[in-house]
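From Swiss-Prot, for reference:
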ACT_SITE  Ser45  active site
ACT_SITE  Lys108  active site
TOPO_DOM  1-20  topological domain 'Cytoplasmic'
TOPO_DOM  42-266  topological domain 'Periplasmic'
TRANSMEM  21-41  transmembrane segment
Amino acid sequence: MQTDNTKSNTNKTAKQEWWSCAFVICIALLIRILIMEPFTVPTGSMKATILENDYIFSTKYSYGYSNYSLSFFDFIPLFKGRIFAREPERGDIVVFRPPNDMNVRYIKRLIGLPGDKIQLIDDVIYINDKKIERTEVGTYTSEDGIKYLKFKETLPNGRTYFSYKLAPIFSVIYNDRYGNTDVFYVPEGKYFFLGDNRDQSNDSRVNLGFVPFENFIAKAQFIWFSTKINWWDNDIGVMNLVLRLKPWIESVRLNRIFRNLYNTDE
């Protein structure tokens, strides 16, 4: 027979468990909103630095906070501009909302700062009329068999990274047209971005344009998981998900897990 004391203890235990769960959920939400957020990359515009279906760890605090960087609050105009703002650095890989489509997120490399003059001539970046250091270091063949020339580029602040250009035969097939551009003058408060996959990136050279600082969400840091194929898809049934589990596991790119996005020691 259950006594009143037993019932009271049971109720207390249930309440304690509920409050513990609520506390854990609140902490997780705060971390997601203020500290870090994972992102999945759906396109190859940053190939081969970042591949399709790479899962990226990014830090929210790197540039401070704006309406667009605070998860779950980006639809509420809490304030203008950024709070606790920290200036981005040339060469950062940034997650942001493109001004021409605020419903999606892009990830690109920051090349031009406010006040900069940017131009590409024969695939070489010129910043304020000075070309950056660019050296061909090898080739890269993607998982779908497309071959790229691989270059090591050094920005004026000393930041180095790899960029990729379609090999000549593929350049003809995919209509390479981004290697020579007009001159871009970066306005105050805005930034110029490029994809590391230079011939296959929708960036500031084409439709994207300049990106306001307010649109920055986070700074990408490293890859925490990576697969060649997606397992989850809202358009397929449960049985198909079960059938896709084995090939999905086999498609995990173990060599990319915990890869630092700023490491050029290859």
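Glycine residues also receive a Cβ, built from the backbone N, Cα and C atoms like all the rest.
Set these features in their place in the structure for me.
If you draw a 10 Å sphere around the CB of Ser45 (active site), it holds 23 other CB atoms from the protein chains shown.
Packing around Lys108 (active site) is summarised by its Cβ count: 27 other Cβ atoms lie within 10 angstroms of its Cβ, all protein chains included.
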Which residues of the chain, 6 or more past the ends of the transmembrane segment (21-41), have a CB below 8 A from one of its CBs?
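For the transmembrane segment (21-41), the list is 50-61, 65, 70-73, 95, 105, 107, 217-218, 220, 224.
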What kind of secondary structure is Ser45 (active site) part of, going by DSSP in three states?
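In three-state terms, Ser45 (active site) counts as coil.
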